[in-house]
Amino acid sequence: MAMKNLLKEDDIKKALDQFKAVDSFDHKKFFDVVGLKALSAENVKLVFKALDVDASGFIEEEELKFVLKGFSADGRDLTDNETKAFLTAADKDGDGKIGIDGERTSALKGAVPLKMIKYCALFFFFKENKLSRITKKYDLIHN
């Protein structure tokens, strides 16, 4: 999925232009300017998947270096210093990569704690599972 389907093209250009200079990248400011903070958690996951080039479920340091190109082919490569600083800020569990299942939704959105997403998912899983068991019991009793 192209970023232009999730984010405004003008916002992407504005964000890329703002951080065009070498060693100027600030991921929090970039994601704010590009409009990522306004996206739903589901759309943030879609952005994450688009940036996860090898579809491993993680954004590794090598992918992170080219993260701006994930927003537009005109994006520049991050310097080693920028890449390491971004990785340090976003890698919540210290494994050297950024996962969508980190403490926050991949540090991309920075506003929705993943624990909240997990609790909601667990709630709906158990709710669905319980409904399934109730339905099966109902079928057994009434058939």
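Glycine is no exception: its Cβ is also placed from the backbone N, Cα and C atoms.
According to TrEMBL, the protein has these features:
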type	residues	note
BINDING	Asp52, Asp54, Ser56, Phe58, Glu63	Ca(2+) 1 binding site
BINDING	Asp91, Asp93, Asp95, Lys97	Ca(2+) 2 binding site
DOMAIN	39-74	domain 'EF-hand'
Given the recorded Ca(2+) 1 site (Asp52, Asp54, Ser56, Phe58, Glu63), which additional residues of the same chain have their Cβ within 8 Å of the Cβ centre, ordered by sequence?
-> Val53, Ala55, Gly57, Ile59, Glu60, Lys97
Rounded to the nearest Å - Cα separation of Asp93 (Ca(2+) 2 binding site) and Phe58 (Ca(2+) 1 binding site) | 12
Please tell me which one of the binding-site residues listed here (Asp91, Asp95, Lys97) sits closest to Asp52 (Ca(2+) 1 binding site), measuring Cα to Cα?
-> Lys97
Sort the binding-site residues Asp54, Ser56, Phe58, Glu63 by C-alpha distance from Asp91 (Ca(2+) 2 binding site) and give me just the closest.
-> Phe58
Counting other Cβ atoms within 10 Å, pick out the least crowded of the binding-site residues Asp52, Asp54, Glu63, Asp91.
-> Asp54
